[in-house]
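**Student:** For reference, TrEMBL lists these features for the protein:
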TRANSMEM  52-75  transmembrane segment
DOMAIN    57-555  domain 'Amino acid permease/ SLC12A'
TRANSMEM  87-114  transmembrane segment
TRANSMEM  135-162  transmembrane segment
TRANSMEM  182-204  transmembrane segment
TRANSMEM  211-230  transmembrane segment
TRANSMEM  284-304  transmembrane segment
TRANSMEM  325-349  transmembrane segment
TRANSMEM  414-431  transmembrane segment
TRANSMEM  437-459  transmembrane segment
TRANSMEM  471-490  transmembrane segment
TRANSMEM  496-515  transmembrane segment
DOMAIN    567-655  domain 'SLC12A transporter C-terminal'
Amino acid sequence: MSERTPLLHYRLSTSVNEPSGEHQTCLSGETVEQSLAFSRLKSAHRSRPKKLSTFFGVVIPTLLSMFSVVVFLRIGFVVGQCGLYQAIAMFLVAYFIISMTVLSVCAISTNGALDAGGAYYMISRALGPEFGGSLGVMFFLANVCSSALFILGLVEAIVATFGLPEDGVSPAGSLQVLPAGYWWSLLYATGILLLCLLVCLVGAEIYAKASFLIFLVVMLVLATIFISFFTVCPRTILLPAALPVHNNTGPQPPNMANFTGFKLDTLLGNLDADYAVDYTTGTMMSFATVFAVMFNGCTGIMAGSNMSGDLKNPSYSIPRGTITAVIFTFIIYNLLSLMVACSCDRLLLQRDYSFLRDINVWNPLVTVGVYSSTMSAAMSNLIGASRILYALARDDLFGTVLSPAKKTSHNGNPWVSVLLSWFLVQLVLFTGKLNTIASIVTIFFLLVYAAVDLACLALEWASAPNFRPTFRYFTWHTCVLGIVGCAIMMFLINAIYASASIAFMLLLLLLIHYLSPTSSWGYISQALIFHQVRKYLLMLDVRKDHVKFWRPQLLLMVSNPRSSVGLITFINDIKKSGLYVLGHVQLGDLDTLPSDPLQCHYDSWLSLVDHLNIKAFVNLTLADSVRHGVQHLLFISGLGGMRPNTLVLGFYDDCTPKDKLTDSVLADAPVLTQDPEDERPPYHFPALRPSNDGMGENRKVMGPQEYVAVIADAMKMLKNVALARYFHQFDRASTISSSPGKGALYVDVWPVNLLRPDSSSYVDTCSLFLLQLACVLNMVRAWRHARLRLFLCVEEGRSLRGSEEKLGQLLKELRIKANVYTVPWDQQVALHWQRQGEVGKRRPTRQSQREEGLGKRGLFEEKEGGDGNYVNSFPSNATRLSDEYLSAVNRLILEQACPPPAVRFLYLPHPPADTQHYTAYLRQLDLLTKDLGPTLLIHGVTPVLTTDL
């Protein structure tokens, strides 16, 4: 009936999480070392030789699971309601569904040793804790309801044999002495359940040893049933009393029916369906309700799979034993259906579910078969449910809720789980009738079987090298057919119950996902994601890139995350669903080291990504210098069409770093582990020192020359570059929350090369790249209410209004919403020309030609050596840019900060071609951005904006 036998018959003395059998390819993804460790811990258990063959270890448990209520009490019910044609069709459909599942079970069970928990173990170790835990609960409930179903079936058989007639008067010499009725039946069921409880708490091992005896009894009863059809003479049988039907004013149904023996007329009368009222519940039967009752005789197919640890050869026994049991039960059910249809009239089949006892050569023998098989099944399900609950508790999927269920007796019996299972079975017994809960039990099992098929399908589709089961008679087609068949039958049986079961499972899935349990089982979702990502990465053709679909793909170089929290979170906002990589260079030479020193640091970096709630990858490299390390990362980061196109560096200055990781992040960070003592994640980043350069380690690990060389290298590789300064002052949470209303947050953009006052163009590639990044930031939900302020520097003699209108028109064409402000900077420019001694030199003609020709040539058509090259280049007279000019421009920027912006975007010119000027270049950037607050100096090398549709 359910997957109870392996938990009961042969493994009751072992704990749920014992590794069983010689581990083959481990289903849970455990390493060889872990498997060996488990083996050593259980050496005493493993020292006991495995003795169970295919017959004793798989066939008998599976047959005892499948032969129970249906074969003795409901075979006539199925034929009487549905007719022989539909009955055979039902068995074909049911066995088709379970056959697809059997193939999946055989595949999974031969891919590694199974432990206690049955379907829960297979699903959880294949699909991960979320699916495994939710479906484990469903499987537990299926066993609970199934145990109650068997007890109710046993009570039904007892009342039919020993219950008083409807008039309350027992015939002389009759054994019908027990009072009948709902409350009396509940009392009998409670007593039987208490007996099962006592056996589960005290005598479970005795029951396990008696399983073979029970099997012999069941087979003997079946043999006498088949013999009786041929040897018993036709007879008239007294029908049991039926429940009264409301508003029934017609004649009372007859109370006698006939066993005719083999007759053609009887067979013809039983071929077609004739659905009638169930005399035990008073409800009208249908194909779905009858199928729900019948399907209970087809469950229990995973009984042998759970026995893998006690089998001589699991990979040999499980497929052959399970398939043998399924074929045998299919033949028996169909033969019984045929013989019943040929020898019993319709009324007998519909009104007497225990008629096999009345037509048997020795009536008490069928009663013994019913009692023994049903009692065995009820007890098995009770113990099976307790073992599943114990397995769930041991896996800590529900935190402390199930922690009491971990308790065991001195011999390893989980007595608390047994008591909890007993209590739930007692609650289910209040339903009172077998047919009432049959639909619920069937839907639960169908859901679990569909999950097993899904687990096998996922393992097959993931194409993991370690999924190589020795049983190969399955494909993804059989898995899909099993899933579809289970889903269809669930909704045909009862759409409301099926929907409620799925909703309950999804609720459990979300709950377990929220609790975030840690496990070492391996996640099939990761294998499937890898498979799909690889496929789509191959389809992502870089030759088909287009400016319309450009997005920032960022490589942020981080020296020490402790002082870079603000920058890391800010860059996460401007990635616009693009690639985001945290890069780090550790200085060293692998030739002089015993092993790779980076491997032990990845966990800390990934924990950082989780706690900051950013969507980023981590790439660490070992190099002899920071410059070479950055080159490595620029060359190798990413795959296919997903490679960084923008390099982000911290600014090279002497700002005192602050450990934001300890001060802010860890205080509010969620705990990843379930150990209450682990209040903080295991970060292993070095402590900060008084002086930090923002790029290297806390001490200066590279000079300004190398720093500028890194910038130049990136531009040679056609990478955009952004230098981030003062982001140690940036706190995303306080910045966003400090804006009380819409428009209170500002982002300032200065799209002019402030180091080239003689060319204040704002329509070159670099300027437009600034606009694009600012627009991307404005599109992020948290920054959506921020206002872009675009500052246009103009000189005397040029039309302020005209320049503003032209820039406004450009922004309109680019669909960028920003406020344009014209800023006169004659005084600042005058300082520059005063130093140069060329005050009279201006470049209005070149600038105006550029603006007028914009609409004709397009935004990005800049010829090599033309204006774009001129504007981006570092001025040849750089050494003569005065500190007074740079300080004046710095003050000009500060004067426009009313109210002050959250962040500024400034134009970053190309480094000089002469490396001797690198230090001067960096000093000028330092003076330009001094005390500006969070600032990004940005240089773009590729077109990123278009006005085309």
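Each residue, glycine too, has its Cβ placed from N, Cα and C.
A quick note: this is a predicted structure, and the numbers were derived from the prediction, not measured.
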**Student:** Are the transmembrane segment (211-230) and the transmembrane segment (414-431) near each other by the rule of at least 3 C-beta pairs under 8 angstroms (pairs 6 or more apart)?
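**Tutor:** No; fewer than 3 Cβ pairs under 8 Å.
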**Student:** Can you tell me which recorded stretch out of 284-304, 325-349, 437-459, 471-490, 496-515 has the most Cβ pairs within less than 8 Å of the transmembrane segment (52-75)?
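**Tutor:** The stretch with the most close Cβ contacts to the transmembrane segment (52-75) is 284-304.
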**Student:** For the transmembrane segment (437-459) and the transmembrane segment (471-490), decide whether they are in contact, meaning at least 3 CB pairs lie under 8 A, counting pairs 6 or more apart in sequence.
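**Tutor:** By the criterion, they touch.
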**Student:** Between the transmembrane segment (135-162) and the transmembrane segment (471-490), are there at least three Cβ pairs closer than 8 Å, leaving out pairs fewer than 6 positions apart?
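**Tutor:** No, the transmembrane segment (135-162) does not contact the transmembrane segment (471-490).
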**Student:** Would you kindly check 325-349, 471-490, 496-515 and say which stretch has the most C-beta pairs under 8 angstroms to the transmembrane segment (211-230)?
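**Tutor:** Checked against 325-349, 471-490, 496-515; highest Cβ contact count belongs to 325-349.
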**Student:** Please give the sequence-distant neighbours of the transmembrane segment (325-349): residues at least 6 beyond its ends with Cβ less than 8 Å from one of its Cβ atoms.
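**Tutor:** Same-chain residues near the transmembrane segment (325-349) but 6 or more away: 58-59, 62-63, 66-67, 70-71, 75-81, 83-84, 87-88, 91, 95, 98-99, 102, 222, 225-226, 229, 237, 239, 253-254, 257-263, 266-267, 269-271, 274, 297-298, 301, 304, 355, 359.
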**Student:** For the domain 'SLC12A transporter C-terminal' (567-655), what's the model's average pLDDT?
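**Tutor:** The answer is 90, the mean pLDDT of the model over that range.
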